[in-house]
Amino acid sequence: MINEVQELLAIEPNDASLQQLLEQLDVTLNEQQQQQQQQQEEEKRNLESCVIPFSMDNHCYLLPAIIIDNINNDSNESTVFIATPITRATIPCSEFLSGRSCGCATHGITIPNNDLLPMEVLSQENYHLDQKVWVKNNNSDGIYVMATVEDHLETTGEWRVQIISTRQIKTVQTLLPVIDLLDDMHNDSSNDADDISDQNQDDDDDQIAIDIMEQKRQNHDQWAGWQQHTTGFGAKMLAKMGYVTGQGLGRESQGLVNPIEATKRRGGDRLGLGTRTASEKKKTINKKKSKKQQKQRQLQKPQVNQDIFSVMNKMLANNNSSSVENKQQQEKVQPGVSNKKEDTKSRQRDLANLHSRLASTQAELARAMDSVRRNKGTSMESQFKDQVKSIERKLDQLKSQAATLERNINRNCV
């Protein structure tokens, strides 16, 4: 097409329409070439980075990884490095990457190609408070540790997190969400029965809540920012009470339309009054101490004026104390019987607790065996089988403890 226009321009060089058409064709050709280059770069990037499942302590986390060997179609396997190592065994070996032989760290993990996932699986823009995330711990050779989100600094864009293992507060620039496949599967299987039983009852309410939320998202961006993290229960109740979308609450619709964003404060903060200083805290402590001292002084004051009623009260109190001492002496005659009864009661309480733990462990074993049956023939089958074995060992230990307690109780009863 461009060659034909150029030939026409050679015949009529002063034609403005042909010149404009040639410029448009050049721009279109450049855009197509740029799009092709971007697609090639994205395909290359997707081959280099991926997400893999990593098993550790009865958990299966999704972690980002880098492919160090090209995908082999014959063996259907690839060798990858974990980009965010969470154990010392998964730290990539720098000597191996530079071409030198060394055995200090991992030289890659071989994983089936079917388990390689795209990086979009871990993409998350918004994080809520107390959410579990991975952060880099500078004190442990670059290992990523699990932490919880405490606050978001809007001025700098950084996140304040608390490391779970050490309770240390630190500020980081980037976060990585913690995604555990085993927890997600257990939650899905436990909620299936409740979802099916309540589906017909809540269909109408859910539709009303969805309509309200959609209309709010179109009108107010702030509404969508917080309403998407809720279950929609408040929207359902407002719709049942006749609330009109887009208006404030109250008889004259004088309520706020846009929500007020909540902020997390420290324990010593007082809303509207600031943080209490050390001198103020010391004053309150001194006031409490002085009140206690006054009460103790009043109790320690002797009663000077004693009437006939106070004398009679003392005589009755002495008689009661003597009767209590007689009872205590009678109980001391047979100490072995009372101790034996107390031991039997405590063991019976321990046996009841063991029976409740046995029931919960058996239910957990049933769920794990169901997961093995549903994932039969997949790469996750071995992990679920290991989980079943650990639960069975725990169940055997509980049964042996219960049998020992029952024998001791029967022996004491005889």
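Cβ from N, Cα, C; glycine included.
As stated in TrEMBL, the feature coiled coil covers range 351-408 out of the listed 177-234, 351-408. In the predicted model, residues of the coiled coil (351-408) average a pLDDT of 89. Helix, strand and coil counts under DSSP for the compositional bias 'Basic residues' (284-295) come to 12 helix, 0 strand, 0 coil.
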